[in-house]
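Below: the structure, in structure tokens.
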Amino acid sequence: MRETLEALNSLGFSVGQPEMAPQSEPRDGFSNPQEKMSSRDESTLHSCSGPETPGQKEGIHTEQAEAPCMGSQACIPQKAEPASSVPGEEWMIRKVKVEDEDQEAEEEVEWPQHLSFLPSPFPTPDLGQLAVAYKLEPGTPGTLGGIALSGWAPIPEKPYGCEECERRFRDQLTLRLHQRLHRGEGPCACPDCGRSFTQRAHMLLHQRSHRGERPFPCSECDKRFSKKAHLTRHLRTHTGERPYPCAECGKRFSQKIHLGSHQKTHTGERPFPCTECEKRFRKKTHLIRHQRIHTGERPYQCTQCTRSFTHKQHLVRHQRVHDAASRTRSSPDIPATPHPPTASLAPSPTGPKPFACSHCGQSFGWKKNLATHQSLHLTEGRPFGCDECALGTNVDPAAEPSACTPHAPDCGPGSGPVAPQRTTSSERSFFCPDCGRGFAHGQHLARHRRVHTGERPFACAQCGRRFGSRPNLVAHSRAHSGARPFACAQCGRRFSRKSHLGRHQAVHTGSRPHACAVCARCFSSKTNLVRHQAIHTGSRPFSCPQCAKSFSRKTHLVRHQRIHGEAALPASASNLSAPAWSNPSEVVPPPIFF
């Protein structure tokens, strides 16, 4: 109180000295705390200066008090000074300390209740505005602290910040509870998984995940949630509410965390680096997902087969294959595809292909592959149509009869209708400047150009052999591990590459989709077609280093070298000139367009 009065005196208010209540004053005198002490009534005060007894001090009391003087000498009458001359004198109240005579119990009189009915604890206009602006509380010791009000600053909304993660809090208790997370000192541990929490309420909310308790249902759909905040966030998907706008581009988001991640695209911030390589990521989840490439972890496994995946969305997409298969088995009335031989050209090694083309009946395991395939049926940019397969082409059949050769009649026994060869589509807007080949995506063109530049950025960790694409490296690594994940459904034979399986299945189906443009002979694989075309072109790229004799096939060269006393191809054979079509999967356009 003394500090409060001194601060008010420094502001120019005339405030009297604080008066001490007598220690022996009974409690009954303060039975009504709402009595107002009027400073206009003068009363005679007596000063007791007698010898002090233990626990007694010199005090001042009024004549109206029922208790006698504590001193043995005569009391000296004195005039009582006004308690306050401030216009709002009703607000000023003395904080009285009451003691029992035996000094066994002590208590302090709290602020009188009538103060809550006053319009403002600071009646003067200037002080009242300062009290509102600086959030000063009346009666709190050290509220002003003897410092001029001009030296006080407004209290920030969250003044306490964490040094570890830069989060801010309104009070120190919440800050200390939060800092336990960084130190791993959670006092409340989950008995099921051992996870620690700073507060018991958070631990109880977490235990709902173990019990499967979801007490908050969505009124729009059948989903349920364990927290009300999660339900509120989910409801925005139905209402379309996006309350968090980006200040840079105006894009709006339904969650604040999504806005924070989006803003990093403007700042270029990537705070999460990979410890194995030099890549950096905007989200920690992206870093964790990327690190599975280095560790080989595949945490998402299909419950119906043995396949596993690195991403959850890949597992969900894969499970649609099983769902479509179960629907097909449960619905026998589903009509068959119009062209069974075409649809069975490349069956999936892991299950059915639920996405069928409505034009030709060819089936696909993924919907995006079906969309890419259906672009072949577009007539825009293909003015010349084929009478057999209804596919368009850019070449006039009258000028070039072999423009649509897959339907040649002399394709061998059992060939039947074959899959049409894919020609350049109007949607292939990326063309190679070296060979003119077109691609639908820029990344496919960049991958193709490595054939011309000779770039091979992917190296095998076992033997050091390098490859131009990651799929080729993955397929090569199966040669070291012995993995053969692609099995034939007819004979059970297994293969390390899907293309090898498709080529093998042509043996069972009798399909020969690759026809020679010169003699109309058909082949089951494009490799055999390219090898056959060397007969018409006269190409003999494999030459013997000892007699200069050349051959069209490498196996013929190896067999010839046995004449010279060599049982196998010598080590120097690696320096032989390789044929232009030695790797047909890279040089010759593949029959399937991605």
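Here the Cβ of each residue, glycine as well, is placed from N, Cα and C on the backbone.
Here is what Swiss-Prot says about this protein:
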- Lys97: SUMO2 cross-link (CROSSLNK)
- Lys368: SUMO2 cross-link (CROSSLNK)
- 1-70: region 'Disordered' (REGION)
- 313-350: region 'Disordered' (REGION)
- 160-182: zinc finger (ZN_FING)
- 188-210: zinc finger (ZN_FING)
- 216-238: zinc finger (ZN_FING)
- 244-266: zinc finger (ZN_FING)
- 272-294: zinc finger (ZN_FING)
- 300-322: zinc finger (ZN_FING)
- 355-377: zinc finger (ZN_FING)
- 430-452: zinc finger (ZN_FING)
- 458-480: zinc finger (ZN_FING)
- 486-508: zinc finger (ZN_FING)
- 514-536: zinc finger (ZN_FING)
- 542-564: zinc finger (ZN_FING)
Averaged pLDDT, computed only over the residues in the zinc finger (514-536): 86
All-chain count of other Cβ atoms within 10 Å of Lys368 (SUMO2 cross-link): 11
The zinc finger (216-238) - residue tally per DSSP class, helix then strand then coil: 11 helix, 4 strand, 8 coil
The zinc finger (188-210) - residue tally per DSSP class, helix then strand then coil: 11 helix, 4 strand, 8 coil
